[in-house]
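What TrEMBL records for this protein:
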DOMAIN    125-306  domain 'Malic enzyme N-terminal'
ACT_SITE  TYR148  active site, proton donor
BINDING   ARG201, ASN456, ASN500  (S)-malate binding site
ACT_SITE  LYS219  active site, proton acceptor
BINDING   GLU291, ASP292, ASP315  divalent metal cation binding site
DOMAIN    316-569  domain 'Malic enzyme NAD-binding'
Amino acid sequence: MFSRPSLCGNLGKLCRSGAVAVISAPPTTTALPVLPGQARCDGRGYHEVVGDIICPSQVRGIDHIRDPRLNKGLAFTLEERQVLGIHGLQPARFKTQEEQLQLCKIAVNRYTEPLNKYLYLSDLHDRNERLFFRFLSENIEDLMPIVYTPTVGLACQRFGLIYRRPHGLFVTFNDRGHIFDVMKNWPEPNVRAICVTDGERILGLGDLGACGMGIPVGKLALYTALAGIKPHQCLPIVVDVGTNNIDLLEDPLYVGLRQKRVVGREYDDFIDEFMEAVVKRYGQNTLIQFEDFGNHNAFRFLDKYRNNYCTFNDDIQGTAAVAVAGLYASKRITGKSLKDYTFLFAGAGEAAIGIADLVVKGMVAEGVPIDEAYSRIFMVDIDGLLTKTRKVGSLDGHKINYAKDIEPMADLEQIVSTIKPSVLIGASACAGLFTPKILKTMGENNERPIIFALSNPTSKAECTAEEAYHNTDARVIFSSGSPFPPVTVGNKTYYPGQGNNAYIFPGVGLGVICTGTHHIPDDMFLIAAQELANFVEPSDIERGSLYPPLQSIRDVSMNIAIGVTKCAYDKGLASTYPEPQDKRKWLEDQLYNFNYECSMPVTWTWPRMPYIKTRELVPTKLYGKKKNEEIL
């Protein structure tokens, strides 16, 4: 859903241009007869245009109805309908885009099941691109849970059943050696942002293989809706190397490679070839966002590619930025800085370590020595507290930075009682991990305990907002990764904020794309966290949220993009020159227009030609092979 396939359009243009004459059918093929006045190749593509510049000579009138990028539904004026040759193909009613938006709201609210709403929005996008993105951007609080978490998780689980049209590229392991050839099949020539997943760790749902396509599709829809990045510049990709999910392998509706996952050297070489193919096809500055890769690969790829490609991992860096933004905002309540907190992370995967690393960077920015910063962060994985003396579990990768030289402990309740953290962050995908006893202990040890239950989707959250408030006498400073309903305690109702990555990655992406940044340092995510925290109003804090309302997320994205732009030029990472002085206006000039544009060809007048008397036309004498033979 929510991106731009154009699998037949270019072939259709090739046929219509006459170049098809060089393509002959196999000898055994009998050509269909061509009727008088009928073009030899009359197939019309799903999209007749690429990019955002339309060539009028390549677009027929009917294409304005068939192509979702051109279609305006009943918003075509009478003049447009008559000139484009589509008059009579629609009923007599004329509507404004505002009237269409009202109808969209009525239509989507008819459905009670979130998945049906998801399918309605997918269909809307396939019919009318501008209407879809405007509807999404203006109703983000209601629709984000549909196009993104938690509903997108259900859509991925049912992907084989709801699949309609291709909305991105599926690059399979069987395509190794030809990945660039697959990339060439995507008809958009100016892709600037790619979101890619191998489907191994979709949200908290595990290995969904090729069904994980819903994640990059949903992410890039938010790039456009929340940051105004042009849709044709976005490309969702699944690298399909198989799945270890037995249920999917045995599912007759599964759409991916029916094989166990490729691992080891072959897998790494495949990803290397993919990265090289992206650069060869779209250029070195193409933003590549890694999404929902397995923990064992996510950090490896980030470390491997971050200095050679324009790339980031949203599960690591985007989650970190939104969590640190919540910690910055909590300063207004506790009066404390990062260096004054003791942190305990339940979970030691991508999200947890990403947040911890950015917290360390934030404390260093406050003047704390890096060793002391690491010492203030404790981390628990499935085998218990990360310690240098424990006998079970590994300390591979980035975990070693947070291992303490203390006695091992495996019980989370005991760990909370012993360490007495002021900040408890859940990124474990273990529902109910924060028991009432743990929550009460946090309340006993802290005047204002900070508890973040960040696991997605909602069913995987470590605790609910209601549990957090009721077990801490409503003194908790709470945030979650998925939305929770308001909680009433006594005479006050709290509206817990959702620490959604969507506050971060669209703005970062906009700044990176517009500046042509070739590498993305962690500084940009710390800047994004600060910009997000600065946008939180006292009224947001009062209602119980560490984040601004979702309706303001487009303004947040612009502020983040401005901060990222400044950072890119200050650090010499930008490749777009000269550096703009008014960065806000420069960025705004590059945004997608959600409103309908005139479908009429642009016309203009010429000045009247001056009268100049011409000489008399005299026949020209031409001489051929025969002498004295005149040819007029």
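Any Cβ shown, glycine's included, is placed from N, Cα and C.
Features as recorded by TrEMBL, highlighted on the structure.
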residue	record	Cβ contacts under 8 Å, 6 or more apart
TYR148	active site, proton donor	GLY218, LYS219, ALA221, LEU222, ASN500, ALA502
ARG201	(S)-malate binding site	ASP207, ASP292, PHE293, GLY294, ASN295, GLU350
GLU291	divalent metal cation binding site	CYS195, VAL196, THR197, ILE215, PRO216, LYS219, ASN313, ASP314, ASP315
ASN456	(S)-malate binding site	THR149, PRO150, GLY153, LEU203, GLY204, ALA429, GLY481, SER482
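The Cβ neighbour count for the residue listed as 'active site, proton acceptor', using a 10 Å radius over every protein chain in view, is 29.
Each of THR197, ARG201, ILE202, ILE215, PHE290, PHE293, ALA298, ASN313, ASP314, GLU350 belongs to the same chain as GLU291, ASP292, ASP315, is absent from that list, and has a C-beta within 8 angstroms of the C-beta centroid marking the divalent metal cation site.
A 10 Å cutoff on Cβ-Cβ distances gives ASP315 (divalent metal cation binding site) a total of 25 other Cβ atoms nearby, all chains included. Mean model confidence of the domain 'Malic enzyme N-terminal' (125-306) amounts to 96 (pLDDT, 0 to 100 scale). Residues ARG201, ASN456, ASN500, recorded as contacting (S)-malate, have a largest CA-CA distance of 18 Å.
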